[in-house]
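Below is one structure, written out as structure tokens; the observations come after it.
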Amino acid sequence: IAATQPSTNWHLKENAREHHTSKFSSEELVVRRGQDFTITFNGTERPEQNLIFIAETGPKPSKATRTLATFDISSTASKEGWSAVLKSSSSNSVSISISSPHNAVIGRYRLSVQSGSSSPASLGTFVLLFNPWSSGDDVFMPSKAECEEYVLEEFGIIFAGNKNHISSFGWNFGQFQGDILNICLSIMDRSLYYRQDPVTDVSHRHDPKYLGRVLSAMVNANDDQGVVLGNWSGKYEGGKNPSSWTGSGEILQSWKKSGFKPVKYGQCWVFAAVLTTVLRCLGIPTRTITNFSSAHDADGNLRVDEFYDADGNHLEKGADSVWNFHVWNESWFTRNDLGPSYSGWQVLDATPQEQSGGIYQCGPASRHAIKEGEVDLDYDSTFVFAEVNADCMYWNYDSATGKKTLIFSKSTEIGDSISTKAVGRDDRVDVTRDYKYEEGSAKERDIFKKARKKLGLEDKFDPTAPRLEEIEQKPDISGKFKVAGSLEVGKDLNLLLVLENLQSDAKTVNVNMTAWSTLYTRRRVNQIWKDSISVTLAPKEEKQFPIKIKYPEYQQQLTTDKTIQVTALCHVEDGIQVLVKRNITLDNPAINIQVLGEAKVNKEVVVEVAFTNPIDAEVKDCVLQVEGSDLLQGILELRIPPLKASEKSSTKFKLIPSEAGPKHLLVNFSCDKFADIKTFKMVNVVN
């Protein structure tokens, strides 16, 4: 090789088009494994003669760890290892097609070339990613539409609320924006696994199940100074309220800018959304999943115990809990460790709930294994199985005596309306049947028994298990809360407590009622209201009791999750207690986005956001946050003057779209009375 450094043409545009990497905003070549790419370089004499290429990655590249490959020019691409095929050559330049194996380690590679006995000359660096378009790859996804959605789509919809009232909000994953790819590569290099043994860690980076597990640990800050610090206290001083984020980009950029200090604060959907960004960026098909009435079974007995005092207050006793909703991830890859039937969607969860192998990480758990009750299969299948299947036991607890009495148990409470965004549409798809057989069916109970048996729970004497005579008792009355009217922040809350006497003799019932503001995890924050009534129900009689909680009563107490738990503990004379409860999620008032005119690439377009103050008091400290990949750079923040009662505000701003196609604009509006009113609008950008 001549003394001059070869200059390399990476054919960025053509290679990116072939490799589905055009959306990366990088000056560096980004390609996918198992597929050839073309480079041209000069500075070599008689180039095609005995050229040897060297591709290496990681701190100590070696052939043994498959982080170093040396290969010469061959006539055809190799199926097994790295290879180079000559495309054309002239007196001073040479065009080469380079192929990597389907199971190559992913990450940043250094590429050099050597001619004869001279020392290697560097051609530069490139980044190698997973390839869901290639049938030999562990992450191969046969449907092109699914590859588009789960790898290339930067916009997502996350479902929240509760099972009676599902709500949703948009999220900007932004996996192709700015420096996100580099940040994702540095996340891998900051994991505990890498710090303990960098050589082994890098050598495992060909395996999506390994990386999925490592990254589920790195997205939370526990153990490893990872990306996001969780906070479920209801108090978020010194950081951002988890419900105020609208995308992952700001979080990942903040983590890097701060010198890799955890970003404050996240809750489950933030962890899941950031993990989606990182995995899509690296080429692993990934989506967010919301499970309603999600169990957190801390002791692994597939049972969740909830405790109430005599007044009907939900007590914080025991480590088990049920969340209104919980968001985790599914990623698509093969499970060579378990066998072909367990391949496909795998559950990963970056929310730090329980340790696994001494670290806050969870998964990958095969979704098929969860459905079939195979709770002994790697990784963390028992925990995920309980999240969607645990049985619920409701206890009355007397703190003076320490006595607990079973009120009732329910096996159909947990794991409801499991939801994800549709492919190519902004709709909800229900995937509950992919996690379990129909609730109440014999098959579903058989699977539950099979899981208990695998965990050795079926014949253990459990002193806390209810005795048979307790379970057999049938209540004399039934009750439920019905919603009367709208569930909106700023309006009074109207409910009906409906009680029905199931017996043919009259019953006297003393009812203790409470309403608490809670977090979405059902953790109590502030008591809003309490009342007690005594009623007599004639034989088989049904009665309704109206309950009104006025806006001024709850306004100060409400959390930004806008959730209220109402309970009525009914003490039936000479009968067993009946617990009636309902979790209510209030809706924020609406906010409207209008695009004024046609959105064209590189042309200004005006957007108007309108909000009407629905309450009869002034709202102030109003802030509008706007973001959207390919519509604007970073985040636009606009301050809005205070709004009097019923006053409408209209705010206009300009966008300059940078790419054609369906793009999503996300808006977040906050003021002193309403937190984080979110909406999104699809903007069709034309050339």
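Even glycines carry a Cβ here, placed using N, Cα and C.
Bear in mind that the values here come from a model prediction, so they are computed numbers and not experimental data.
Summarising the annotation, TrEMBL assigns active site to Cys268, His326, Asp349. Annotation source TrEMBL lists Ca(2+) binding site at Asn389, Asp391, Glu439, Glu444. Annotation source TrEMBL lists domain 'Transglutaminase-like' at 260-352.
Rounded to the nearest whole angstrom, the C-alpha distance between Asn389 (Ca(2+) binding site) and Cys268 (active site) is 19.
Put simply, of the active-site residues Cys268, His326, Asp349, the one whose Cα is nearest the Cα of Asp391 (Ca(2+) binding site) is His326. Checking Cα-Cα distances from His326 (active site) against the recorded positions (Cys268, Glu439, Glu444) with a 10 Å cut-off leaves Cys268, in sequence order.
If you check the recorded positions Cys268, Glu439, Glu444 against Asp349 (active site), the ones with a Cα inside 10 Å of its Cα are Cys268.
Taking the Cβ of Cys268 (active site) as reference, residues of its chain lying under 8 Å away and at least six apart in sequence are, in sequence order, Trp323, Phe325, His326, Val327, Trp328, Thr351. Fewest Cβ neighbours within 10 Å among the recorded positions Asp349, Asp391, Glu439: that distinction goes to Glu439. Just so you know, the Cβ of Glu444 (Ca(2+) binding site) picks up 17 other Cβ atoms within 10 Å once every protein chain is counted. Other residues of the chain with a Cβ within 8 Å of the Cβ centroid of Asn389, Asp391, Glu439, Glu444, the Ca(2+) site, are Ser411, Thr412, Ile414, Gly415, Lys436, Gly440, Arg445, Phe448.
Confidence across the domain 'Transglutaminase-like' (260-352), taken as the mean pLDDT and rounded to a whole number, stands at 95.
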